[in-house]
């Protein structure tokens, strides 16, 4: 399953997230590892230059990490006899990717200053650097997170979150990350074949050519760009597509056209890419504050996929 930053995911994030006022600082590593950010940036730029799609994957990885039990790199842990990896949770299975890029960045940082920079901070920095690498906004990443020693399946945590932190506008803004990346055929097949009034006929026909109506393993896994116009650039075409009834995913198209409270936000972003990018950066900073481990909580892993 190719993960998508869907409206349903972001709505759940809005309803279930809990943001704390932990003491994070953008200068956290200035004294202990001054070359940390440049080292990570080099690793991310190299990965994205090899595969532009990786930018979207790294942004999604940050979403997934923060959503489960806070921004603590628990998403990176592999299965062990005592850990049920979040990688195998249904929303993440065969969906979240970019682990090897984080591993490479971590290995590079360990060579410069071993045991100092957390995997959780690397995931947050990677999302920012990936966005900027494809023309998206940059933002100041607050640092000082520590790494979790446990992982939790998403389904076991829903009851533990409360409603505070992110707004409806944040939901729409974060959904705009769909301007880059891809989705698998099975995630949008129903939409392009149901002849509904909320999809452009020509758009549906075009998409059907790459997503056969028959459900087979091969067909289901066929990939399609979420944005046909500028699939590898972070811009505001996502919102323009929604206004034209060309949202590939149903959960995206519901943001516009129903006369709801999100219509005006979509319209604003479709006309003003600068506002969208600025708001996206602000929303990412807010999301990065979701329940980080700081101080004496957690550890600094030397390998992101294991407790060591």
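Glycine residues also receive a Cβ, built from the backbone N, Cα and C atoms like all the rest.
Curation plays no part in TrEMBL annotations; they are all automatic predictions.
What TrEMBL records for 65, 68, 70, 72, 74, 86 is Ca(2+) 1 binding site. According to TrEMBL, the heme b binding site annotation covers 178. Residues or ranges marked as disulfide bond in TrEMBL: 33-113, 66-71, 119-304, 185-211. Taken from TrEMBL, the feature domain 'Plant heme peroxidase family profile' covers 23-308. Marked as site 'Transition state stabilizer' by TrEMBL: 60.
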Worksheet item: residue 304 (disulfide bond): which of the recorded positions 33, 60, 65, 66, 71, 74 have a C-alpha within 10 angstroms of it?
Response: 74
Practice prompt. Within the domain 'Plant heme peroxidase family profile' (23-308) only, compute the mean pLDDT.
Written response: 89
Worksheet entry | In sequence order, the recorded positions (33, 60, 113, 185, 211) whose C-alpha falls within 10 A of residue 72 (Ca(2+) 1 binding site) | none
Worksheet item: Hey, how far is residue 66 (disulfide bond) from residue 86 (Ca(2+) 1 binding site), Cα to Cα, in Å?
Response: 12
Practice prompt. Find, for the listed disulfide-bonded residues 33, 66, 211, 304, the residue with the lowest Cβ contact count at a 10 Å cut-off, counting only other Cβ atoms.
Written response: 33
Item to complete: Give the distance between the Cα atoms of residue 86 (Ca(2+) 1 binding site) and residue 60 (site 'Transition state stabilizer'), rounded to the nearest whole Å.
Response: 14
Response to the item:
With the fewest other Cβ atoms within 10 Å, the residue among the binding-site residues 65, 72, 86 is 86
Discussion item. Need this for a regression test: recorded positions 60, 70, 113, filtered to those with Cα within 10 Å of residue 211 (disulfide bond). What's left?
Written reply: none
